[in-house]
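Beneath this line is the structure, given in structure tokens, with notes to follow.
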């Protein structure tokens with residue numbers, strides 16, 4: 001503390017930081033990237049373990065043997081669905097009642113802000129069907145959910161058949177202490193969101209739905225099931241939920257434990273678990289799995305029906321049956337036994353899952369990285385901004401430019417910089433962000449009237465037009481307002497922009513580490529070196545390549561490369577345009593926050609650095 005309280009020592013420390021600012025920033029950035037890559041290696045990654053005592057043992061005897069019944073029900077469901085062209089509600093009600101469930105339906109409708117061309121829908125209406133198995137040993141205070149989402153273009157018949165066969169098997173058991181809800185939703189996530197909003201008596205997305213006639217207890221956990229074949233070679237688990245939320249790690253550990261008990265092959269991000277951690281192959285494979293999870297979590301999209309349950313404090317997973325060319329094949333009995341074991345252990349819970357981690361990264365299904373180990377990677381990147389803020393603050397107070405810092409020692413000046421020179425760029429940048437957020441959806445009908453484009457294309461084209469227009473508008477505004485102290489003007493603006501960026505990235509990293517780290521890794525270098533002198537063409541190119549839109553485009557190419565399905569430039573651009581439309585649509589439909597974060601926060605902040613570059 002004496003070093004900071006002594007003015008002489010404090011000035012000496014400031015001069016040292018100023019003199020070594022560039023090498024310290026480079027070292028900090030390299031340390032952050034290196035720390036992140038090292039997370040996939042055993043010194044920083046730990047083996048998963050069960051923290052909840054009630055689920056610590058798998059000593060339950062799974063008795064499910066209804067594979068033939070599941071296949072028969074799946075064929076009947078598929079036939080009735082083809083015949084009706086929609087979800088066979090009457091057949092589902094009749095079948096659920098025949099196995100002894102309380103059966104209810106819920107109708108819902110939703111007008112999307114603009115047509116969803118991916119699923120070819122605009123005015124969406126459907127019916128959810130759910131049956132409740134009442135616990136014979138409790139008073140309906142707690143419940144578990146097994147849900148099967150059925151979309152117009154998904155083939156999930158085997159999952160419905162297995163769910164109904166499990167319901168018939170569970171009905172004959174007397175040890176249930178929690179109600180079990182068997183839910184079939186129409187239109188994928190839209191039906192799931194409608195049911196969850198009605199179950200919790202809220203309306204946060206503008207969904208129109210009928211009230212639920214039957215309820216169970218507070219939902220403790222949920223499992224979403226997706227199967228497209230009678231046999232599977234592996235079960236892939238999805239954990240990433242809406243806005244990067246993750247379920248309690250114990251639920252994932254429970255799934256892995258019963259897969260190991262039943263001999264089921266389980267994967268994460270479609271990748272097998274590394275077997276050999278002593279050689280370089282195991283960690284390299286875990287790096288790919290880790291990067292895939294980071295990209296999935298950063299998108300903020302719910303990667304399965306489970307992702308919407310997490311918003312309501314319900315721990316949930318999505319299990320997908322994969323039928324590939326692997327030599328191991330498992331039938332519906334093996335999958336059913338794993339689900340039976342999971343539900344029997346969840347039935348033992350005395351309280352919500354809370355003892356294990358909610359913030360983690362997964363380089364493999366059997367290994368995890370806790371929040372205390374991955375946060376330093378983002379901390380090193382944010383330290384670069386801290387060093388630049390310290391340097392800019394010192395130079396601004398001294399009244400000298402970066403080129404003069406080495407020649408003239410910093411000394412306080414009385415000359416100030418007019419606030420008007422900062423207010424104009426700040427207001428214009430924020431106004432551009434507000435226009436980027438509001439105008440694409442509001443102006444879609446005007447665009448379709450004057451141009452031969454569809455509504456979704458109009459939204460995307462308006463997004464791109466406003467984004468590009470922002471590059472031309474802000475950097476001339478300060479000249480109209482102030483012509484004095486130009487050096488101190490851009491230094492003050494850069495200081496404000498650095499603080500603004502550091503605060504945003506810090507807040508994002510605390511709630512969604514993956515998104516915060518990706519944005520920091522891309523935006524920090526350009527933000528640190530941008531200035532209105534030197535090779536401005538190089539700085540401009542670097543700023544454009546690290547802008548939020550370019551970061552999104554690069555992430556899409558990296559994601560497909562890691563999935564071993566690389567994109568051409570044309571395919572990448574088409575996927576980028578589709579992703580923009582889906583991002584806006586998911587924000588208005590489910591409440592995904594990536595679009596408003598980029599439009600209202602990071603894009604205006606990036607425009608401030610663009611303004612700094614063209615200050616002179």
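Positions of Cβ are set from backbone N, Cα and C atoms, glycine also.
Remember, TrEMBL labels are computer predictions, not curated facts.
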Of 451-473, 566-588, the range TrEMBL labels transmembrane segment: 451-473
Listed range which TrEMBL flags as transmembrane segment, given the options 357-385, 386-414: 357-385
Annotated range (TrEMBL: transmembrane segment) out of 317-339, 593-615: 593-615
Correct range for transmembrane segment (source TrEMBL, candidates 20-41, 42-63): 20-41
Contacting positions for the transmembrane segment (451-473) when only residues 6+ beyond its ends and CB under 8 Å are counted: 114-117, 428-429, 432, 435-436, 439-441, 443-445, 549, 577, 580-581, 584, 603, 607, 610
